[in-house]
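Features reported for this protein in Swiss-Prot:
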ACT_SITE  D263  active site
BINDING   N194, L195, S196, E197  ATP binding site
REGION    1-318  region 'Ribokinase'
REGION    343-474  region 'Cytidylyltransferase'
Amino acid sequence: MKLSMPRFDQAPVLVVGDVMLDRYWHGGTSRISPEAPVPVVKVDQIEDRPGGAANVALNIAALGAPASLVGVTGDDEAAESLTNSLKAAGVLARFQRIADQPTIVKLRVMSRHQQLLRIDFEEPFRTDPLALSAEVYSLLDGIKVLVLSDYGKGALKNHQALIQAARKRGIPVLADPKGKDFAIYRGASLITPNLSEFEAIVGHCVDEAQLVTKGAQLMQELDLGALLVTRGEHGMTLLRPDQQALHLPARAREVFDVTGAGDTVISTLAAAIAAGEELPHAVALANLAAGIVVGKLGTAAISAPELRRAIQREEGSERGVLGLEQLLLAVDDARAHKERIVFTNGCFDILHAGHVTYLEQARALGDRLIVAVNDDASVSRLKGPGRPINSVERRMAVLAGLGAVDWVISFPEGTPENLLTHVKPDVLVKGGDYGVDQVVGADIVQAYGGEVRVLGLVENSSTTAIVEKIRGQG
């Protein structure tokens, strides 16, 4: 399955559910308490992050999709912290505030990136389901997907009314279920239980075949459009009526913290479906996103640039021949890893030893080397009739096979100035015996603080000489 980045900016999503605040106390620990055999943590940083349904909305907004949120909080400092964080992220949050109940807070005590203790401040909310539903109904006409983020804390008490209201409007409903009564999600377009939640409903599954069988039965019983079971290190399994099961392996390179991974899955799914993606593609994107977020500490969101870079890696475009959009993503990724970008350009009509030596020297000036190649029409204008000898596709394919070259791109103009304006390399390199001020594009690179280098040519190595020799022998 070929992955691509959806147009999230045209994908409004509404999240309804249990809102909470994830609070982190960070500090160092170097001794054991004399009062009890527990570590003493000297807190030096306090951090608040939206959690639960608020984290789902935050993830959707981080992908670039318009996100709205309806939930329940107390009327307290934690609710203010949530409101401010969500507003800063561009989330439209509408909270039903309960004056005599606290906002749900999950407090984690952290030291050296390890969680030492979690303290929960919560009690089930006594909410007015009709008031909450009215808030949801007022927002339904402006959205493309409805998400029910259910943590069983009391915000969601009228699942069926919300599902039916959305279905009447043709709006898909995605639910992240909790509890032992999945009947409340009847008629949903997709539910996303993890394996333990799924098995709590259908019983233990001895293998994938049994998981598929029991999942199909559950979909039929609950009139579900689809079922996605998230299975940790075993990936995900997507089930749809009358279609073959789709198993996706886990994508995490390193698992650092699984907090909020389920939120990332349903938020990416919702945004992708709202953007018009087919369900298998949306699930593949969600699987990719989950693999990224578990590599972060604590409740975290995945950004659009992070997902784009992951798609690029998945599609094998970390190296090779790229278009401009792909190249800019690759450059952004390299810069995120503090890599130095080197740029050179030329016709490279017949690749010879001089070219190889020159490109190796250019690559040694940084971490990544971009080679921009004149297209065929451009070469013909520069070199005259009969050139190029090799088409631009062949020239780029040969260059991409060199160990010194990371990315190859073609350009139609006589000079690479347009590319330089977009890419902004750290180093612009040319081969020749002229001064830096004579290098085309030097002024562009130097204007933003980049470096321009001129490398000497290898003697007795010339494409023109090779072409003339071949023609003379012909």
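Even glycines carry a Cβ here, placed using N, Cα and C.
The structure, with features from Swiss-Prot marked on it.
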residue	record	contacts (Cβ under 8 Å, 6+ apart)
N194	ATP binding site	V229, T230, R231, G232, G262
L195	ATP binding site	C205, V229, T230, R231, G232, H234
S196	ATP binding site	none
E197	ATP binding site	P177, K178
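In the predicted structure, the region 'Ribokinase' (1-318) carries a mean pLDDT of 90. Within the region 'Cytidylyltransferase' (343-474), the DSSP-based counts of helix, strand and coil residues read 55 helix, 26 strand, 51 coil. Other Cβ atoms within 10 Å of the Cβ of the residue listed as 'active site' number 29 in total over all chains.
For the ATP site, the Cβ centre of N194, L195, S196, E197 serves as reference, and the other residues of the chain with Cβ at most 8 Å from it are P193, F198, E199, A200, V229, T230, R231.
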